Amino acid sequence: MRLRRSIHLTVFALFVAGASPSIAQDQASDAVQPERGGSTAKVVEEVRGAVRAARHMVASAHPLAAEAGLAMLRAGGNAIDAMVATQFVLGLVEPQSSGVGGGAFLVYFDGEAERLTTFDGRETAPALATPRLFLDDDGKPLEFFDAVVGGRSVGTPGTVMLMAETHERYGKLPWRTVLQPAIAVALEGFPVSPRLADAIAEDKERLSRYPGTRGYFFHADGRPLAAGETLTNVPYAATLQVIAEEGPSAFYRGPLADKIVEAVRDAEGNPGVLSRVDLENYRVVEREPVCVTYRAHDVCGMGPPSSGALTIGQILKMVEPFDLAGLGFMNVESWRLIGEASRLAFADRGRYMADTDHVAVPVDGLIDEDYLADRSALIAEERVLAAGEVQPGTPPWDHAKILGDDKSIELPSTSHVSIADETGNVVSLTTTIENGFGSRLMVGGFLLNNELTDFSFETHENGLPIANAVAPGKRPRSSMAPTIVLKDGEPLYVLGSPGGSRIIGYVAQALISLIDWELDPQEAASLPHLVNRFGEYDVEEETAAADLAASLVGIGYQVNVRDLNSGLHILEMTLDGLLGGADPRREGVAVGD
Ligand code: GLY
């Protein structure tokens with residue numbers, strides 16, 4: 001833990017121009033302001049203060065989910081107990097983003113053992129999946145939503161096993177206890193949030209395609225659920241009740257497993273090939289974290305099958321030689337450096353990153369210091385690289401495979417949970433059913449994922465195999481980037497975000513905001529976004545970031561000023577206790593004692 005450093009005033013000036021009011025601002029109204037001096041404090045007060053707590057804290061995308069986690073901590077539970085309670089409530093109140101029908105990655109710091117590890121609860125492709133899964137009869141890739149809606153896109157869900165196994169290993173409270181908050185909310189009902197109501201209305205056509213899903217999200221006359229209406233979910237309560245009583249086998253082997261398989265295989269117009277064998281064989285995998293050292297901080301996250309930590313690590317190491325702190329936020333040179341580093345990192349991501357249990361990936365080479373120093377040299381000249389200059393590199397590798405470049409489509413989705421308890425355990429969980437409302441198939445009160453569309457639809461590029469092509473049992477490449485930052489071996493920050501492949505940009509920017517620009521968690525979450533993945537700069541509309549658009553065009557970028565909906569949840573462990581921030585673009589909160 002450390003004391004917060006002083007704050008860089010110029011960075012905050014942009015909040016005044018850029019911040020828009022949000023629901024979450026009200027929810028944090030009783031938050032204690034972090035200590036600040038003079039005029040800086042005045043500026044920051046006009047945005048939203050970080051929440052401060054002495055003992056423990058939960059930040060997640062819905063107040064009921066965060067409160068459920070906090071209730072477990074208050075009952076003597078630890079961060080893992082809180083995570084399980086939070087996840088099962090999130091799947092109910094934010095069903096479009098994550099749930100028991102999906103998958104998740106956990107980066108976990110065990111306070112007692114002082115050990116950082118990661119758990120892979122990613123979905124797997126069914127044993128019967130073929131390379132043609134997302135190709136039409138002529139061998140052409142399917143349209144994205146033709147692939148998504150129905151059974152074809154559904155991978156074997158991993159979230160229930162991830163919750164159960166990590167709870168079995170680390171949890172303190174009984175398994176039944178940590179499922180109770182979600183069962184209670186499902187039976188008593190919860191108000192449909194404005195964000196959920198908007199998402200239902202916007203997705204009406206796809207969400208109405210299957211009767212079970214239509215019946216849950218729409219009235220009998222076809223009206224979508226409106227914000228503020230009370231929604232109960234008795235089938236979800238029954239699903240959780242049986243998982244509470246019988247453990248994860250009730251999900252992976254019992255009648256519920258039959259129902260999942262049936263829904264996937266019988267999905268009208270677009271059936272899938274998931275089977276009982278896939279569910280019975282599902283395994284959570286503990287993996288080594290992927291870490292880079294950035295300005296004396298160890299930034300650690302989820303390695304393959306996620307591309308999150310590797311791509312973020314590459315971006316950070318490429319910008320490290322440059323003085324981002326001195327340049328500041330409102331400086332187009334900062335964004336040229338971050339944007340060019342991101343483009344180069346995404347080029348490597350598209351060629352090399354995939355499930356290491358199925359393909360060789362140069363994991364160490366991609367974050368090799370000498371390799372990244374060479375890549376960083378490519379951005380040292382003050383100019384924007386032409387498209388042809390942004391190519392994958394040749395990281396050190398003891399494997400002779402020549403690969404093509406990936407063609408995955410990754411739209412915004414997902415949810416992130418950050419938790420710290422008073423014994424030093426820290427949870428960074430990014431959780432998803434992939435696209436908003438996943439496959440749109442509903443079983444037992446929850447939605448099934450469409451995670452398999454995170455694979456490249458095409459299997460080859462110009463005759464060369466694509467690393468992230470679909471194969472039986474393989475896990476689709478993810479962008480999810482649950483992150484824990486260590487300073488001198490102790491957790492300092494925990495963070496992550498939703499946002500499809502923009503997750504990488506959101507989390508990289510948040511890390512630079514915390515480490516270089518010395519923002520607190522709330523300021524980092526609120527900061528306007530600028531994201532570059534493939535050349536075009538996405539710049540957040542109606543914020544101070546949009547004031548940089550003309551300068552970015554001036555140095556040669558194509559710029560798209562648009563909505564950029566992250567969902568960052570960030571905690572900082574200081575000597576004075578915990579500081580928490582929730583993304584004002586969503587309905588999330590940070591709560592603690
Ligand atoms: N489906 C979102 C991700 O894994 O990146």
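Glycine is treated like the rest: Cβ placed from N, Cα and C.
For THR414 (active site, nucleophile), the count of additional Cβ atoms within 10 Å of its Cβ stands at 27 [all protein chains shown]. Among the features that TrEMBL reports, active site, nucleophile is placed at THR414.
Taken from TrEMBL, the feature L-glutamate binding site covers ARG122, ASP454, SER478, SER479, GLY500. Spatially close to SER478 (L-glutamate binding site) yet at least six residues away along the chain are PHE105, ARG122, MET302, PRO305, SER306, SER307, GLY308, THR432, ASP454, judged by Cβ distances under 8 angstroms. DSSP assigns SER478 (L-glutamate binding site) to a strand segment in the three-state reduction.
Residues or ranges marked as signal peptide by TrEMBL: 1-24.
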Near ligand 1, meaning Cβ under 6 Å from any of its atoms: which of the recorded positions ARG122, THR414, SER478, SER479 fit that description?
THR414, SER478, SER479
For ASP454 (L-glutamate binding site), which DSSP three-state class applies?
helix
Counting every protein chain present, what is the number of Cβ atoms, excluding its own, within 10 Å of the Cβ of SER479 (L-glutamate binding site)?
30
To the nearest whole angstrom, what is the C-alpha distance linking SER479 (L-glutamate binding site) and THR414 (active site, nucleophile)?
10
How would DSSP class ARG122 (L-glutamate binding site) in three states?
coil
State the Cα to Cα distance, in Å, between GLY500 (L-glutamate binding site) and THR414 (active site, nucleophile), rounded to an integer.
7
With the cut-off set at 10 Å between Cβ atoms, which of these binding-site residues ends up with the most neighbours? Options: ARG122, GLY500.
ARG122
Looking only at Cβ atoms, how many others are within 10 Å of the one on ASP454 (L-glutamate binding site)?
30
